[in-house]
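**Student:** First the structure, which I've put down as structure tokens, then a few questions once you've had a look.
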Amino acid sequence: MKVLLLGAPGAGKGTQAQFITREFGIPQISTGDMLRAAIKAGTPLGLEAKKIMDAGGLVRDDIIIGMVKERIAQPDCANGFLFDGFPRTLAQAEAMVAAGVDLDAVVEIDVPDAAIVERMSGRRVHLPSGRTYHVKYNPPKVSGKDDETGEDLVQRDDDKEETVKKRLAVYHEQTEVLVDFYSKLTGEHAPRYIKVDGTQPVETVKENVITALQR
Ligand code: AP5
Ligand code: ZN
């Protein structure tokens, strides 16, 4: 199964991705996590991407498309995958169509901007795995520690309020067009379009997403 998670920064893509990958046994492909790994490793891509990400902008399409094409050619993607945070421009979406990647479903997680800033300020992440928590809405079992490894949780560098506002603006300018792009795709290869209310509690969103995908 090939699924795409679409939604604003902080809508809950990473949170729901954990449940979907577990339920359907497909790997998560988060371009944000891949870029953060490159930053941590200090690669040339990481150095370049860090400046752009800290400013709330988008990394160049050709770099991202190349990175994803390489990733989906890996053996663990043979039975499908979950895109999280990709595609996020029309050019990226069209590159996947051109490459013959037929998605089975697009899941849009809908959250208004007003709720996003609070979510981001309380977010804590386990960088090696990408596991995501919230101090109030989705707390770890032990404060400040990852549930599975016990390692430290950190705040993301791009979760400062000013950067979050910039990321939201970029979402509305460059990514939101994909709602139209995917919901209007027709024909034999068109994905199912599933829209869920992302303002509901994590568990409710999870049930709605999983049930819709099982249908
Ligand atoms: P990326 O890592 O993809 O960030 P994003 O899209 O901005 O999304 P987030 O990860 O911030 O949010 P999320 O939807 O995953 O929410 P989460 O589940 O964590 O990208 C980062 C940067 O990398 C980009 O800005 C760009 O520079 C670059 N980049 C990445 N991909 C790119 C691409 N394809 N092209 C170009 N550049 C690219 O949840 C947020 C918080 O809310 C958490 O604390 C969580 O616990 C909490 N929460 C989740 N669900 C709920 C709920 N239902 N109720 C209450 N709280 C909730
Ligand atoms: Zn995420």
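Residue positions begin at 1 at the first shown residue.
Note that Cβ sites are derived from N, Cα and C of the backbone, with glycine treated the same way.
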**Student:** Do you know which of R36, R123, R215 TrEMBL groups with G10, A11, G12, K13, G14, T15, T132, Y133, Q200 in the ATP site?
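**Tutor:** Candidate in the recorded ATP site: R123.
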**Student:** Of the candidates R22, R156, which does TrEMBL annotate as part of the AMP site that also includes T31, R36, G57, L58, V59, G85, F86, P87, R88, Q92, R167?
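**Tutor:** Among R22, R156, only R156 appears alongside T31, R36, G57, L58, V59, G85, F86, P87, R88, Q92, R167 as AMP-binding in TrEMBL.
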**Student:** Could you pull out which residues elsewhere in the chain have a CB under 8 Å from any CB of the region 'NMP' (30-59), counting only those six or more residues past its ends?
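**Tutor:** Cβ under 8 Å, 6 or more out: 13-14, 17, 67-68, 71, 84-86, 88-89, 127, 130, 156-158, 163-167, 169-170, 174.
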**Student:** Can you check what DSSP calls R88 (AMP binding site), collapsed to helix, strand or coil?
**Tutor:** coil
**Student:** Over all shown protein chains, what is the count of other CB atoms within 10 A of the CB belonging to T31 (AMP binding site)?
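**Tutor:** Around T31 (AMP binding site), other Cβ atoms within 10 Å: 23.
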**Student:** Based on Cβ atoms within 10 Å, give me the single least packed residue among the binding-site residues R88, R156.
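**Tutor:** Ranked by other Cβ atoms within 10 Å, the binding-site residues R88, R156 bottom out at R156.
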